[in-house]
């Protein structure tokens, strides 16, 4: 990524948290000197009709999110105010920008126009969210305000991009379910059957993914549930880009599993759920081919750096979407405490030649580590301070609000901000995590794309990065180049910069040149010489015979 602007006053007020390496098992993985990953364009997956690669079944009840006291859903979300979205609307509202949300599906809502993009879980249309995650992510990106703020006028007045391929946006709320299912456990973090351990080869089902909302924190105080606002009452759920169009692609879910699931251990939570790195790759290609100009991926797979598995198909898909189809790809950095995820070192003062500390990476976050094509997003709190549990790594590009989150319910359509307890003695779990930080940045990307449609995907990322509020060191592995500033991204005089990431081309694997045709010149000369000699000898013999005959 390009270096950030050196502007006084744009340093974040937050200082980076002290590094504590967290492992999910007793074995702490050794650091690995890994470079940014290369990609092989020959591995781009075909864009077939979305569907599962094996029979799937429903294994859990759908999640029913609730409303807790804090944050107050009757007020604007603190993150909305922190990054000053309402002022950014003076310059852009993301009018007509197609934003693909590769997640757990999006339930239609009158405040959230959404286009069906397909379903890699059950082969449906993607307009169903059993995990109450994709709908919340989409709410942060593009929900229309209700009551507290008026709907802004579309900016720019004319959409800069054609509508996405497929049916027109769905704006009607779905029919209410006949029976409300009991609450399911809150969507656990990413489901990688490989634990953080020294380098055994990845298991066959490594790379399974799930929503990257934060895991429960037993040290937090319990937030009591409160009644939601009555239907139609003003609420604080407001999207960053309310005139963008969501393309919903259901790729992952904790409520579904293969008909013949494998298990990584006796704990049922370790069973492989729906969603893998390969299905993310296919979803990325499909989203790009539908015309998405921003692709939000709020799911994360964490693998040990010593054995990151075969990610060639995913890398090729990201390359294709970003460079061939010109889509801005935004991904959650991941949360320390999710399955397989842990903080990487921040900086090695003994190796200033590697300022992002790639050589000490212990855990890879995918797709974030494909930083030539992906803008990875870390999380800050409501005051702009770095979240200690936001996963650090050299791929983190920027940060955005990741706490005090609210969104629209996939069931009733009203405001929600937490998951209920799943077992006796557990607490309500307010929404938090880098999933929602990525959604903020996807909304900002939609604002920038609408205002500057001539910029390439990488130039849009460059503008977001260069206008961010830098951390004290200018850049670090927790916040990247700092907290996003939508107003600055839309108004600062920032050179467009390179059309592609400068280092990207050097990491593209090109097919080997075909071998040169065989050189038969020596053989041909020899054959010609032998033929000439033979012809001469034959001519002399015939001439001698003719003379004797006379």
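Note that Cβ sites are derived from N, Cα and C of the backbone, with glycine treated the same way.
In Swiss-Prot, the annotation transmembrane segment applies to 524-544, one of the ranges 503-523, 524-544. Looking at 5-33, 34-62, the range tied to region 'Disordered' in Swiss-Prot is 34-62. When the Cα atoms are compared, residue 133 (active site, charge relay system) and residue 435 (active site, charge relay system) turn out to be 9 Å apart. Taking the Cβ of residue 133 (active site, charge relay system) as centre and 10 Å as the limit, one finds 34 other Cβ atoms among all the protein chains shown. In the three-state DSSP reading, residue 435 (active site, charge relay system) counts as helix. Look at residue 133 (active site, charge relay system): DSSP puts it in coil. If you take the Cα of residue 435 (active site, charge relay system) and the Cα of residue 103 (active site, charge relay system), they are about 10 angstrom apart, rounded to a whole number. Residue 103 (active site, charge relay system) has a Cβ environment of 31 other Cβ atoms inside 10 Å.
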